[in-house]
Every structure is written in C-alpha cells, then in structure tokens.
Amino acid sequence: MVPMDSHSRISSFSSFNSYFRALSDTPNRLARRACSVSTSFEETSRVRARSGADMKRSLRWYDLVGFGIGGMVGAGVFVTTGRASRFHAGPSVVLSYAIAGLCALLSAFCYTEFAVDLPVAGGAFSYIRVTFGEFLAFLTGANLIIDYVLSNAAAARGFTAYLGTAIGISTHTHLRFTIHGLPKGYNEIDIVAVAVVLLLTLVICYSTRESSWLNMVLTVLHILFIVFVIVVGFWRGEWKNFTEPENPKSPGGFFPFGASGVINGAAGVYLSYIGYDAVSTMAEEVRNPIKDIPIGVSGSVIIVTILYCLMAASMSALLPYDMIDPDSPFSGAFKVGSHGWRWVSNVIGVGASFGILTSLLVAMLGQARYMCVIGRSCVIPSWFARVHPKTSTPVNASAFLGIFTAAIALFTDLNILLDLISIGTLFVFYMVANAVIYRRYVAVGTTNPWPTISFMSCFSLTSVMFTLLWHFGPSGKPMAFMLGACIAMAIGVVQVFHFMVPQVRKPEFWGVPLMPWIPSISIFLNIFLLGSLDRASYIRFGFFSGLSVLVYVLYSVHSSFDAEEVGALSQKNGESMKESVESEDSTLKV
C-alpha cells in the first residue's frame, strides 16, 4: 500500500502546483535518482514487465548474423573507401579495413558480454544503467536515439540518390522537387525517402520475425552485388596498380603514405562498421542468448571485415590510387578504368540501394527497442514501452520514431544530416567499454570503486593526450618520441591496474577475454576515432547533450522519482550490492 505522505510525490505532473513543488525538490531528487543503478534481475523481470506483453523469442544466431551484416554493409563503404584510399592509405586501404574490423570486433566483445548477461532490448542504455546509473544512461540513450533518427533520415535520402543512379535518371529533377520558398538545404522534398521509411515502419511494427526474413533477402541480394563488384574488379584490374601510381610524382608503393596513412585510413573507414550495436537490442527476442548472441555479433563483424577488405582490394586493382574518385570510387573506377563496362556503375547503384534498405531496416529495429526500454525506466512516458500483445513488437516506439524520421527525411539535405551523426555512437562505444571494466572490478557496496575509477580516468587521459599529439603534435622524431611515451604510459597504467586490482565478478556464461586489455584497447581506439571527427560533430554533440540534460532535470528525474515512490523502480544500492555478492558467490562455486 502506498503511504499517504507520498501521494503528492506520485503525481508530480498532475497539476501546475504539483509540478512546481517537484521542481523545488529537484536537488534532492537528483541526488536520489541520478546515480541510481538497476540490476540484471530487475531489468529482466520487473522493469521488463512494464511493457505488458513480452517480445517473442523467435531469433537464432543466423538471424543475428543477417541483422549484423545488414546493419553494417550500407552505402557508406561505397564512399569511405575512396576517401581513405585517395587521401590517406593508397592501396594499403586493405589493411586499414582489417585494422578497423579488429577495432569493431573488440568493441563487439564488450557488447556481447553485456547482451549475454542482460538479454533485454535496451542495448547500451541498459548496460550503462546497471553500471553507472540513471543519468549517464539517459544521456547515452538520448544521444543514441538522435543519432539513429538522423542517420536513418540520411540513409533514406541516400536511397533516393542511389535509386536514381540505378535506373539512370537525375535525382534532383525526377525523384525530388524543389520548393523555392524554403531555405537552401531544406527545400528539396523527397517523397521516395518518406515512403521507404514509412513502409519499413509498417514491417517492423508487424513482426520481428518477418523483418528478419526481409532483411535476409535484401542482405543476400546486396552481398551478391558486392561479390559481383569484387569478381569483376579483380578480373578487369591489374596487379601493378597496387604499387604504381598514375602520376610518377605521386608517392609510390603499397604504403605510399606510410604507417600513419594506414592508421588514418582506418579511422576514416571505421564508420562503415557502425551498425553491429543494433544487434544487441535484439537480445530479448533471441531463443538462446548464451550461444546465439556471441556467434551473431562476432560472426557478422568478421564476415563484413572480409567483404570490405576484398572490396578495397578490387578497387585498388582497377585503378591507381591517385586516379580514384573520392566521392564515387567504384562507379568511377569502372567508368575510367574499364572501357565498355560503364553499365557496372548502374549495377553498383542497385547494390547500394539494397544495402541502404538493410541498414535502414536494422537501424529502425534498433532505435525502436532503445526507445521501448528507455520508456520502461520511466525517464520518458511509459507509453513508449508498450509491446503490442498480437505482434509482440514495440509498436508505439516504432511508429513514433518512424514518423519522426520520415518528417526529417522529407526536407533535410543529406550533407546537413551527415555532419550531425557518428560522434554519439562512438561516445556510446567508449562508455560500454568502460562499463565492462567497472562491472568486472567493482561490486557496489562491498568493494572500493576508486582504484577502478582512477584507472579508467588515467587511461582515458593518456588516450586523449596521444590523440591530440597525433593530430596537432610536431612532426619528425619529437612527435614519434612523445607518441611512444604515451603508449608506454598507457601500457604501464593497464599493467599496474591488472596486477593491483582483482576482479570481483566473472561472467557465468560468456565474458570478454584478456581483461582488462581488450576493453582498454577499445577505449583507446574510440577516443582516437573521436579525435578524427570535425568541429561540427562536437557542436552537435554538445547541443543535444545539453538538451538531454535539460529534459532530464525538467521531466525525467521527476518521472522516475514518482515511479520509485510507487515501487515501480528500486532506489539504488541495496539490490546491486546483493546481486554483486550473489554473482561472486556463484562464480566461486563454479
């Protein structure tokens, strides 16, 4: 029974007076809720029950592999490969893709450990919530949702552009129309993009299983087009193009820009791997999470890495790197390097269109599940958490985000959207890697968290120093010495932490190997990649993060406080401490 003195707190939004009383109590509520952590048991039972019906467990490992490949292999690879080869790595862009794939795999390991231990639809939001608390989880989730919506809108408009290439007509004159009264960048109306988003929204609302079948079909077709491009590229290409530029004055060899060029190329192409994180949001719908999730996530990253390396190699065989068109490398390579094969550029347009559809489908599935679980935590209206009893899908979240995405895709230019995405996703990867370390080495209420927090802070600071030196440091031997010193310092920090601080919690079923090295490397790589993004990305991140904080202070903390008062949410440390102790005991028994 709810105490009478808490009744006024329960209805913070029932009237203006109640809301103003809630605002006056904001400092107390922030102190009580901002760092409140959830537990694995709570997330998979009481919090999950707020959705009403359960999501149907119908997915197997091959569905997850399909979702992972579909989410990653979009149109991005058809652009990033050209830029990385022409300006950074040359023919060694093949190694850039291999390094970027290794980076993605390390980050995928961190996601997999959480997804196996916590098989719910919340993905990174739930992982951060059970580790660092409600506020950081909300900040993470809000940036993820914004990134998903903007990138999906960009993908939808990109579909229109590639569709025009595939059928050989002008996108601007035939597939879009201009309204001259609107400002430039927002005046090209794209009905095709809107139709695609709304159609996919209907599919993901109807059934996750049917969405998987559609994704499988589109992914297989896309891979067939990619294999075609690879085979024709090697068939028509020449091995001398791997070492000889067209212009004798251009740097030659397989490594024309040296090792630094390979690393810079890896930073440029890494964004082609973003998308595997959406697979973790399917964990609640997987039949056997312990077996299927590790295979699905890691397997998709490995397969995509192989495809990307072969694509980069075929492109390098077709043309010397200094002749590659950075904006349309594959289409341009067939037009310039293979006379009589220009029709292949139309084929590439068809393949890229399928790739956009698969990445868009997976991303829209992922964003709806993030929104659903954020609704379960009561920091946004619980209406978003509802799962339809007939379809077993989060219909409310799917429909809302689908309409929101379609509205942005209708007006906003692709270049404006592309300037706004990516940083939020890398920030989330960084947070998840830190969360894995914290959860392994800290049992709330029983161990001192400061050695682990100090390690994560020192390691992140060292990584930031290395990144700043890489981009802005002096050239030559002084820079090499300072970079080497940063690497030695980072290795020393990890080694000291490894020997001085024992693990207090080991996963029962699947865990990241070589702790704490693999998540530490993931932290370093994500900070390095964050340093390669432009100023506009940081302005976007700062703006939306500030907006998220404002929403949390004005609404979310009061909503979750009310939910705690009626027993829908726990407070903070009691259950976490109990869960940590029980987990440790069970590990020792095993």
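Heads up, the Cβ atoms here are built off N, Cα and C, so glycines get one too.
Copied over from TrEMBL:
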type     : residues : note
TRANSMEM : 61-81    : transmembrane segment
TRANSMEM : 93-114   : transmembrane segment
TRANSMEM : 213-235  : transmembrane segment
TRANSMEM : 255-276  : transmembrane segment
TRANSMEM : 297-321  : transmembrane segment
TRANSMEM : 341-366  : transmembrane segment
TRANSMEM : 393-411  : transmembrane segment
TRANSMEM : 417-438  : transmembrane segment
TRANSMEM : 450-473  : transmembrane segment
TRANSMEM : 479-497  : transmembrane segment
TRANSMEM : 509-531  : transmembrane segment
DOMAIN   : 510-560  : domain 'Cationic amino acid transporter C-terminal'
TRANSMEM : 537-555  : transmembrane segment
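Confidence for the domain 'Cationic amino acid transporter C-terminal' (510-560), expressed as mean pLDDT, is 89. Contacts between the transmembrane segment (255-276) and the transmembrane segment (213-235): absent, as fewer than 3 C-beta pairs lie under 8 angstroms at sequence separation of six or more. Counting Cβ pairs under 8 Å to the transmembrane segment (297-321), the top-ranked stretch among 61-81, 93-114, 213-235, 341-366 is 93-114.
Across 61-81, 93-114, 341-366, the stretch most heavily in contact with the transmembrane segment (213-235), judged by Cβ pairs under 8 Å, is 341-366. The list of residues near the transmembrane segment (341-366) in space but at least 6 beyond its ends in sequence, with Cβ under 8 angstroms from a Cβ of it, reads 67-75, 77-78, 123, 148, 151-152, 155-156, 158-159, 162-168, 196-197, 200-201, 203-204, 208, 211, 214-215, 218-219, 221-222, 225-226, 228-229, 232, 236, 275, 277-279, 281-282, 328, 330-332, 334-335, 398, 401-402, 405. Long-range contacts of the transmembrane segment (93-114) within its own chain (CB-CB distance under 8 A, at least 6 residues past either end) are made by residues 81, 84-85, 123-124, 126-127, 262-263, 265-270, 272-273, 276-277, 279-280, 293-294, 297-298, 301-302, 304-305, 308-309, 312-313, 316, 321, 429, 432-433, 435-436, 507, 510-513, 518-519, 521-522, 525-526, 529.
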